[in-house]
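Novice: Got a structure for you, written out below as structure tokens; questions coming shortly.
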Amino acid sequence: EKNMPIVITTWSFTNASQKAWEVLKDEGKALDAVEQGGIVCENEQCDRTVGYGGSPDEDGETTLDAFIMDGSTMNVGAVAALRRIKSAISVARHVMEYTTHSFLAGELATKFAVEMGFKEESLSTDESRELWSKWRFEKQCQPNFRKNVKPDPRKHCGPYHKKRNFVDYIHPEVFVVDQYNHDTIGMVAVDSKGDVAAGTSTNGAKFKIPGRVGDSPIPGAGAYADNTVGGAAATGNGDTMMRFLPSFLAVEEMRRGASPANAAKTAIKRISAHHPDFMGAVIALSKNGQYGAACNGIETFPFVVQDKTRKTFEVVTIKC
């Protein structure tokens with residue numbers, strides 16, 4: 001039984017889901033739905049972890065990572081460490097549609113965006129400046145992502161230098177994802193034609209080291225889509241999760257016959273075998289419109305589903 005069109009979205013980002021659904025229910029394209037949904041979160045600054053004015057880096061700057069994938073062509077567009085451009089997922093789509101590349105990063109991705117007609121503007125807000133200044137001056141740069149450097153990053157701000165001799169201590173988990181700090185929007189859609197698309201958008205980890213790129217823009221990590229199978233998206237501690245390509249793994253598990261929920265579980269277990277306490281979740285959607293999710297390191301994980309069988313969106317919450 002085919003259930004399409006359908007869109008699933010990480011966390012309780014219902015406005016983004018509704019926007020994507022508006023595109024899909026009128027026979028629109030999955031790719032457009034994912035981009036439009038992402039734009040909503042970038043503009044609404046979903047939980048301050050998507051879009052401008054959130055998650056300042058060590059220097060106080062907000063930079064964006066985004067990704068979009070077309071499961072009908074296997075084409076990808078991605079941007080990382082994007083500076084001074086609000087609409088990261090749209091820039092990612094421009095990389096896909098106006099270049100033969102897949103991925104642009106940093107200052108020169110900004111140059112490309114400006115050439116493509118995007119407006120350059122500061123991504124900082126009063127709120128992000130205040131958050132940063134508290135971290136820098138009241139909290140002595142705690143928490144941060146440094147290790148094996150001097151001065152001791154657990155007590156002091158930089159500039160840091162590497163320690164000559166060090167014992168690699170277990171760094172406390174800095175990246176806390178909970179219902180107040182959702183770190184990424186991830187979205188997977190199947191349209192009425194059966195085309196699959198997936199995408200992500202995020203401003204990354206709060207107080208990240210400048211230049212840090214998370215899992216969101218990495219194909220197969222943040223999201224993945226393949227018309228012959230379905231799609232998946234991931235959210236959580238990107239530094240850890242990207243090493244396991246969970247979205248790719250979930251799609252491959254579905255290819256081998258696993259249900260979306262079991263496929264997501266396998267992807268999560270592959271990570272938790274090495275990092276039992278990592279925080280994250282994977283959502284998966286088959287080309288026929290079956291869906292499921294799995295999570296780790298938080299108590300529960302909500303995701304949004306919208307399809308023809310529902311009058312409005314439904315927030316489905318699973319236990320981790």
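The backbone N, Cα and C atoms fix where each Cβ goes, and this holds for glycine too.
Dumping what Swiss-Prot says about this protein:
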- Asn15: N-linked glycosylation site (CARBOHYD)
- Cys41-Cys46: disulfide bond (DISULFID)
- Cys141-Cys157: disulfide bond (DISULFID)
- Thr184: active site, nucleophile (ACT_SITE)
- Arg212, Val213, Gly214, Asp215, Thr235, Gly236, Asn237, Gly238: substrate binding site (BINDING)
- Cys295-Cys320: disulfide bond (DISULFID)
Novice: For Cys157 (disulfide bond), what is the secondary structure state per DSSP, taken as helix, strand or coil?
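Specialist: DSSP call for Cys157 (disulfide bond): coil, neither helix nor strand.
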Novice: If you draw a 10 Å sphere around the Cβ of Cys41 (disulfide bond), how many other Cβ atoms fall inside it, taking every protein chain shown into account?
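Specialist: Total other Cβ atoms inside 10 Å, all chains included: 28.
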Novice: Considering only the recorded positions Thr184, Val213, Gly214, Asp215, Asn237, Gly238, which fall within 10 Å of Cys46 (disulfide bond) when distances are taken between Cα atoms?
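Specialist: Hits: Thr184.
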Novice: Measure from the Cα of Asn237 (substrate binding site) to the Cα of every one of the recorded positions Asn15, Cys41, Cys157, Cys320, then give the nearest.
Specialist: Cys320
Novice: About how far apart, in whole Å, are the alpha carbons (Cα) of Gly238 (substrate binding site) and Cys141 (disulfide bond)?
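Specialist: Just about 21 Å between their Cα atoms.
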Novice: Report the member of Gly214, Gly236 (the binding-site residues) whose C-beta atom has the most other C-beta atoms within 10 angstroms.
Specialist: Gly236
Novice: Relative to the Cα of Cys157 (disulfide bond), which of the recorded positions Thr184, Arg212, Val213, Gly214 has the closest Cα?
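Specialist: So, of the listed recorded positions, the one sitting closest to Cys157 (disulfide bond) is Arg212.
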Novice: Sequence order is fine: just name those recorded positions in Cys41, Cys141, Thr184, Cys295 with a Cα within 10 angstroms of Gly236 (substrate binding site).
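Specialist: Candidates kept after distance check: Thr184, Cys295.
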Novice: Cys157, Cys295: which of these disulfide-bonded residues has the highest Cβ count within 10 Å of its own Cβ?
Specialist: Cys295
Novice: If you pair up every Cα among Arg212, Val213, Gly214, Asp215, Thr235, Gly236, Asn237, Gly238, the residues annotated as binding substrate, what's the maximum separation in angstrom, rounded to an integer?
Specialist: 16
Novice: Which one, from the recorded positions Cys141, Val213, Cys320, has the smallest tally of other C-beta atoms lying within 10 Å of its C-beta?
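Specialist: Output over recorded positions Cys141, Val213, Cys320: least Cβ neighbours within 10 Å is Cys320.
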